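Here the structure comes first, spelled out in structure tokens, and everything after it is commentary.
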Amino acid sequence: ACKDNFAAATCKHVKENKNCGSQKYATNCAKTCGKC
């Protein structure tokens, strides 16, 4: 299940700020963060 549960803009922002390490974002922005 490789998808972003949060809005695309939110996940883009998360990745730019290197917040993909956060469990919340790693799970909800899996596609953008490449966690799958």
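These residue numbers are counts, starting from 1, taken along the chain as shown.
Every residue gets a Cβ built from N, Cα and C, even glycine.
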Please work out, from what Swiss-Prot records, which of C33, C36 forms the disulfide with C2. C36
Cysteine of C11, C20 paired with C29 via disulfide, per Swiss-Prot: C11
How many whole Å apart are the CA atoms of F6 (site 'Important for binding to potassium channels') and C29 (disulfide bond)? 6
Mind checking how the domain 'ShKT' (2-36) divides into helix, strand and coil residues in DSSP? 19 helix, 2 strand, 14 coil
Nearest-integer angstrom distance between the alpha carbons (Cα) of C2 (disulfide bond) and C11 (disulfide bond): 13
